[in-house]
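Trainee: The signal peptide annotation in Swiss-Prot covers 1-17 and is backed by sequence analysis. Taken from Swiss-Prot, the feature domain 'LysM 1' covers 205-234. Annotation comment: Swiss-Prot describes 254-303 as domain 'LysM 2', evidence class sequence analysis. Residues or ranges marked as domain 'Chitin-binding type-1' in Swiss-Prot (evidence: sequence analysis): 316-372. Marked as disulfide bond by Swiss-Prot: 319-338, 332-344, 337-351, 366-370. Taken from Swiss-Prot, the feature active site, proton donor covers 495. Under the heading N-linked glycosylation site, Swiss-Prot lists 771, 858, 868, 876, 1117.
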């Protein structure tokens, strides 16, 4: 019995096992709907757990959902959950959804229906490792993680392989052909995908073992053509990994320090899915961000959002975000510009903005304090002059009471020495002639370049301002010295506090500038009322930046701005060093703008002017212009300064007037004069100190400061203390070389009524210099527009010429009774009226007549008619009679006579023989007032037509007037070399004012006066010719003879204050114009003429001068009977003296 029951139990158990694990007989016949049927051995696995009806029902609900999913054509991954049951279905892109629904899904569904659901139940097929062919279904009652794990494995073409029990099903799967495969679409339900990091030199498919099409489906946002090593790539479905960092807790961005060779792309993959666009956006406000295309090593790159980080500092940066430590975001001294790289300066490299591809700070040029200072247009109400006087020996020695180019309001003594204990060395000063000066304020200057930079003395200034004790001692000593000698102030010339690079001495401490300010405040507080405190300041930003200049200006009374020595031989070996001028106009203006940018008030500044030049020795003697190389030792010296590299004004003048001068020119780059001398040296100096003085005045400066008075040409003076006790001054010498133009000025300007001969001549010289300069500029402007000038000249010449020709026509034919002829009322006959042969027997006349209407009737025959013969021309059967009288010859030929009814065509053929020209000239002048010359007549080979006063004239093979002779182009022989020569003469005269006798300067300007007449003629030609050309057809007014008389306006301006009679001016204008036209002039005769014009002035103004004395003064008395001539005759006399030498007198 027991055995029987045991048998039944075992039988039923075996049958149960078969029912559970062998299901092949339960699978329906496969239906694949025209897709490929593939029989497969499908793995079925499970993990045991208690089964519940609830879980079973929830699982069956999931199957219903899956069935709905599979009704569609697309999709690979399908997820659903119900209660605590989680389900996932993977149907590869080549697996047919409907076939899967009908053939594979029922296997799982039947298992659940029949046996319920344990912990885990799944079936899978790995597709041979191809996720496009694999499929699987899984249900789990405990965790979503299990189905997620299966999803990731199946999407790689791998098996789950996680089971406690398993079996296999024989089933048929339906596959789509590759051409009709489903699109691979990523599914993010699994969360973050499983990924790999791409290795260099490998493809994603090779490295992962997964086909590229599946990988691209799982990574839809990746461009597989632009992958780089390190890129994370999803090898399963799911979200890509996210390594993008969050910003820091303080709100700043997370940064990454760029290594050499890295790019935005290589960095982005480390923080995937950080994109290039993300990097660009995060770094828009990051300092120095120039974009991914210009990524820099060690750059602090933002890899998250947030505020920009502090950039990597540059240990030598001075300002802005790149400056290190306490300098971070520091401002520049003098309010200078902070460049994008963190350096201070005032040139375009620091101050200009520029275009930026990113717009980030630090990429668009200047970072802060951008732009330039400006120059004031407020002219100074008061303008004073300072001169530094050197207490020198030998040829530099100069009497301080007799300084040229004065007077000076303030005289600075250069220099008083300071002892190492800060006491004042007055051993030389106490005996100096400087103390006897009474015409100027006297101020001692302490320091100077040599004292400030000499290894034996450079520490004195530094130590004197370093401590309170030293500052107090030094200040008291200065005050006591000033009071002892009853001086007007104190001037300090420390060159320069805080200077880091002066040769042969250690760099100064950066605190010296603030120490200097503290000392100046102390000193000013101790000074008595009415005494001034001043300092010298450099025009170089490099040295001025150490001066707390804004505070200093509020402490001192004035500052001397050293706008000279900007360039020199000390630049040897430095970048961009070459032959240059030490006072370049543009750089001086930039230095002025630097003061403005620093907040300095110009009315506390005296602009520096120099009366010396800096010289260079050339590397190549053929290259001596601005920009050429130079040697270390400097240009050749002379015995006044006795220093290579520098020449005084006096030395330059001596070289310029000697055969040591090789060449001389004005350099437009610097507005300086350059001169080659000795064959191997070149020196440059300011073109005009007066122009610089005017510039400082116009910019609102307090005045100018000259370095140095001793450099002017002066009398030899023995600076001997024992001889300085004689206060006796020489009586005034009117011809003294130190004649002072400033003594001639009143408040209104030039004083023409001053009885001093030199003053009147100096005034004339200044007027010539002024107008001569204007004339040079006028001619240069015209030459720059020369093509139009020629057009205007031709138009003006035509107008003048027509006017003269009208007078000539009337004189030749009408007024003096020469042949007149006209058409009769009907226009049939040409009637000739014979002249009175007795009136002008020196003129031969021939006539030719014609009717234009003859041409219209095809009457083309040319017929010569002999004496007393009548020829009939037939017109429409009518005879046209033409008569001839007095045995003259008549030519018939085609011409321009208008049709019948017109009574105004005159045709001339008149010749004035050479033997008769003088008589013709006299007759024409008596008739018209116009004076001709023999060259004024010309015989034309071709017809010349004129429309004059409503009549039409044709001169055929006639003597007419020569327009070129009457109205020459005065600029024909004027070129740049000639203008350069005139400019040099003006500059030579300008530089010689106060140094040379006015008589000598006056002679230099003779050619300039003639050039002024040329300029006036050219200007009149350009201006009036332009008007005539523009309105030529409307202009019919008669014009007086001669464009030459156009210079009267200019000479009237030149001589108007003197009051010369207009008739004299007019004739003198002709005098100068003739010389200008011919390009030749005898200078001494022109001087004679000029003096003649001034004589009436001298006579009326000078009580101590007579005509003869004035003539003697300038050596022009060339005629014993000169004083007996009237003014007009005097000019005629000068005219007769014109010679044939070059106009410039050289």
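In case you wondered, yes, glycine gets a Cβ from its N, Cα and C as well.
Quick caveat, the model's predicted, so the values are computed rather than measured.
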Trainee: Residues of the same chain, at least six outside the domain 'LysM 1' (205-234), with any C-beta under 8 angstroms of its C-beta?
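Mentor: The answer is 93, 129-132, 155-157, 183-186, 193-199, 240-241, 243, 265-266, 269-270, 272-273.
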Trainee: Looking only at 337, 338, 344, 366, 370, the disulfide-bonded residues on record, which one has the least crowded Cβ, with the fewest other Cβ atoms within 10 Å?
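Mentor: Minimum Cβ neighbour count within 10 Å, taken over the disulfide-bonded residues 337, 338, 344, 366, 370, occurs at 370.
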Trainee: Check the Cα distances from residue 319 (disulfide bond) to each of the recorded positions 344, 366, 370, 495, 771 and keep only the ones within 10 Å.
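Mentor: Candidates kept after distance check: 344.
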Trainee: Between residue 771 (N-linked glycosylation site) and residue 344 (disulfide bond), how far is it from one CA atom to the other, in Å?
Mentor: 45
Trainee: Please count the residues of the domain 'LysM 1' (205-234) that DSSP assigns to helix (H, G, I), strand (E, B) and coil.
Mentor: 11 helix, 3 strand, 16 coil
Trainee: Sequence order is fine: just name those recorded positions in 332, 337, 338, 351, 495 with a Cα within 10 angstroms of residue 370 (disulfide bond).
Mentor: 337, 338, 351
Trainee: With DSSP, how much of the domain 'LysM 2' (254-303) is helix, how much strand and how much coil, in residues?
Mentor: 17 helix, 6 strand, 27 coil
Trainee: Let me know the most crowded of the disulfide-bonded residues, choosing from 332, 351 and counting other Cβ atoms within 10 Å.
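Mentor: In terms of Cβ crowding, the pick is 332.
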Trainee: Over all shown protein chains, what is the count of other CB atoms within 10 A of the CB belonging to residue 495 (active site, proton donor)?
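Mentor: Total other Cβ atoms inside 10 Å, all chains included: 20.
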Trainee: Using DSSP, tally how many residues of the domain 'Chitin-binding type-1' (316-372) sit in helix, strand and coil.
Mentor: 10 helix, 9 strand, 38 coil
Trainee: Going by Cα-Cα distance, which of the disulfide-bonded residues (337, 338, 344, 351, 366) sits nearest to the residue listed as 'active site, proton donor'?
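Mentor: Given the candidates 337, 338, 344, 351, 366, the nearest one is 344.
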Trainee: Kindly state the mean pLDDT of the domain 'LysM 1' (205-234) in the predicted structure.
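Mentor: Its mean pLDDT is 94.
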